[in-house]
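S.K.: Dumping what TrEMBL says about this protein:
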DOMAIN    221-339  domain 'DUF6545'
TRANSMEM  21-40  transmembrane segment
TRANSMEM  52-72  transmembrane segment
TRANSMEM  84-102  transmembrane segment
TRANSMEM  122-145  transmembrane segment
TRANSMEM  157-176  transmembrane segment
TRANSMEM  188-212  transmembrane segment
């Protein structure tokens, strides 16, 4: 979970809608890390054997459950947050009191044979808190994951809800071991907790995956439009909003915001078409991308050969899409047809 938590920290802390889920995953990662055997040994090596170390780890786990509930209440309108914080504070105080007043102990144990330490009540409070938080969160996530038009948000809620459900199963198994001590429970727990962490990390990574996918799509579109844009700007250099540079330089250090590179390319292609339309004279309107590609090749050659422009009877610049998405798709088809044109004589 930690790589995703670190990578998403800056974006999540700036976005209120993502902050809750990031905090829930971050606290879950911290609680899980503190319960890893190597971490426990390191902490005990620094502090020495003391029950306060185990108490701090369990309190961190309760805070993780509280973060999950806070995320849930925020997603459902933010009601009852004050009551939630009061309940969490009461649970923390109760755990501290149960630990401090228990008979002398060094570690907190509940799995396997033997009595639970510091007490059965201590562990029942922890398990009950986690089960309650996970039940509420899983129910809300799976309910709201079917609503709304934001597909990324729905996917995040589904993954987070499934991860929370795995955590709920983990604590149910923990409770079964506490009360009945079946032999099959301890080997199962690490797998449940690992699946829980994987699903929650995936939930947090969904926005980043969407951004990467969008960036990849824009990069591919820019690459496909580049040959057409390059040839048209060669013929009509005045339409370029900035000095033309090699493809790799435009890709690595674009003029202006990176996410507007494709938009700028489309605008410049359209401006070039408006100029080049005076250098070809089709007999009928052109809408087919392949036909427009041939006309642009002819118009470019005519202009570079020094022919004089004439106002055409048919406006070839009218072809295209009704919005930016349709226009982009149309020009990509034109660019693909343009690259496929053989070098040779003009179209007639």
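Every residue gets a Cβ built from N, Cα and C, even glycine.
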S.K.: Along the domain 'DUF6545' (221-339), what average pLDDT does this model show?
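M.R.: A mean pLDDT of 85 is what the predicted model shows over the domain 'DUF6545' (221-339).
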S.K.: Counting CB pairs under 8 Å, which listed stretch among 52-72, 84-102, 188-212 touches the transmembrane segment (122-145) the most?
M.R.: 52-72
